[in-house]
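Engineer: Take a look at this one; I'll ask things after.
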Amino acid sequence: MACRGACCCGPVNEDNARFIMLLLLIILYLLCGAAVFSALEHPKEKQAKEKWAQRFELFSQKYNLNKSDLEKFLRHYEEANMAGIRVDTLRPRWDFTGAFYFVGTVVSTIGFGMTTPATVGGKIFLIFYGLIGCAATILFFNLFLERIITVLAFVLKSCHEVQRRRKGVLPHDSRQDSRDTRLNREDSLAGWKPSVYCVMLILCVAAIIISCCASAMYSSIEGWGYLDSLYFCFVAFSTIGFGDMVSSQRANYENQTVYRIGNFFFILMGVCCIYSLFNVISIVIKQVLNWLLKKLKIPCRHCPRRSLRPRRNAVMPAHVRTRVRNISIDTDAVNDSETDGRRMSGEMISMRDFLAANKVNLAIMQKQLSETANGHPRPCGSTNRHNGFSGGVGALGIMNNRLAETSVDR
C-alpha cells in the first residue's frame, strides 16, 4: 500500500528530521564546548580578579587615594582605550592606512574590535557600508571557491587518469588515437567523481601551510610565541576575530611596507582557504547526518520497501555498500530505482541527485566538481539556470536554486 499525502518517508520530513538532528547536535556541541572552556578558563579568571583586587587595594593605600575617585579615573581610561589610546605607542587608528585596515576587517566579517566608530555619523555609515561590503565579499569568497574547485577537479582527474593508465585500464596518449579510442576513454571516466575527502584533505593541508608560514612571520615581527601566532591565524582566517591579538598595530616596524603587504596577503589567502574548507567540511557533516538518520530510521508500515533502501549521499561501511550504477551526469530525468543505490561513501554528488533530493546543501559545488573532472559543460537548458538564475556554491548556490524552483512553480 503506497503512502498518501505526508509520510515519514517523504523528502520534506526527512529534511526536517535532518534539520532537527543538526540543531540538537549543535546545541550538544555548544554545551560540551562551554563545559570545556569553563573548566579551562574559569580558574584563571578568578585568579585575575583576586590579583586585581589586591593591586587596587595596595595602590589606593600606598598613595592615599579615594577608591571611588580612582575607579572614576580608571573608567575614563577605559573610554580612552576604546578610542584607541593606549599606554604604549600604537599606530594611529583613523588615519587613511588605519581606516583601510578597519574597513578590511568590516567587509571580511573578521571584526577584531580594537577599532570602532565613535561618532553617530560613523556608526550610521558603517551600517550601510557593511551591508554592501559584506555581501560583496561573501560573493567574492564563493567565486574564489568555484575556482578552487575547478583547479582541484582538474588535478584530481589528471591523477586519476595517470593511475588508470599505469594499471592498463586506459590507453596511453597518442596523436594517432582514433575517435573510438577517445570515446572509450571518456566513457571509462564518465562515472568517476573526485572524493570529497580528497578535496577536504587538500584544502586542510593548504590551510596548514598558509597558517604555519604566517605564524613564522608574526612570531618574528610581532614578538608573539609561535603557538600564539597559530592561534591568531585561526581566529583571523576563520573570521572569528576576538581582537585580543591584532597584527600590524605598532607605529613602526622593520621593513614596514613589506610586512603590511605580507600581512594583507596571508589574511586574504587564509580567509579564502578556511572559507572553502568550512564549505567542504559541511558536506561531510551532511553525509554523517544522513548516515545517522539511516541508522535511526523507523520503517514506515505504509511503504516498507522504501524504508529499506539505502539513502543517497550516506556514509556507509564498505560491507554494506551497494553496487554503483554508471549513470550519465547530463541525464535530466532521475529514476529512484537507479539512484537510491548508487551513492558510495565520499563521492561528490551530481546535480541530478540535488534535483532529486531537492535540498542537499552545497550540492551545486559538488556538481561543478564532477562536471569539471569529467569534462561535461553545463547544459544551457539546465533546471538550475532556468529563468536566468545562475548557479553558485555554498549559501549563494542554495539561494539561486531556491529562486529557480520558485520561478518554475509560478
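Cβ atoms are placed via backbone N, Cα and C, with glycine included.
According to TrEMBL, the protein has these features:
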- 19-40: transmembrane segment (TRANSMEM)
- 91-148: domain 'Potassium channel' (DOMAIN)
- 99-120: transmembrane segment (TRANSMEM)
- 126-156: transmembrane segment (TRANSMEM)
- 195-218: transmembrane segment (TRANSMEM)
- 200-286: domain 'Potassium channel' (DOMAIN)
- 224-243: transmembrane segment (TRANSMEM)
- 264-285: transmembrane segment (TRANSMEM)
Engineer: Does the transmembrane segment (224-243) reach the transmembrane segment (99-120), going by 3 or more CB pairs under 8 Å (6 or more apart in sequence)?
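Structural biologist: Contact criterion met.
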Engineer: Let me check one thing: do the transmembrane segment (99-120) and the transmembrane segment (195-218) come into contact, meaning three or more Cβ pairs under 8 Å with sequence separation of at least 6?
Structural biologist: no
Engineer: Using Cβ atoms and a strict cutoff of less than 8 Å, what residues sit near the transmembrane segment (195-218) while being 6 or more residues removed from its termini?
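Structural biologist: Same-chain contacts beyond the ends: 148-149, 152, 156, 224, 226, 229-230, 232-234, 237, 247, 259, 262-263, 266, 269-270, 273-274, 276-277, 280-281, 283-284, 287, 346-348, 366, 369.
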Engineer: Across the domain 'Potassium channel' (200-286), what is the average pLDDT of the model, as a whole number?
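Structural biologist: Mean pLDDT across the domain 'Potassium channel' (200-286) comes out at 93.
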Engineer: What parts of the chain pack near the transmembrane segment (264-285), using Cβ distances under 8 Å and only residues at least 6 beyond its ends?
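Structural biologist: For the transmembrane segment (264-285), the sequence-distant neighbours (Cβ-Cβ under 8 Å, at least 6 residues beyond its ends) are 22, 104, 108, 110, 141, 144-145, 148, 196-197, 199-200, 203-204, 206-207, 210-211, 213-214, 217, 233-234, 236-239, 247, 361-362, 365-366, 393-394.
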Engineer: Could you put numbers on the helix, strand and coil content of the domain 'Potassium channel' (91-148), residue by residue per DSSP?
Structural biologist: 41 helix, 0 strand, 17 coil
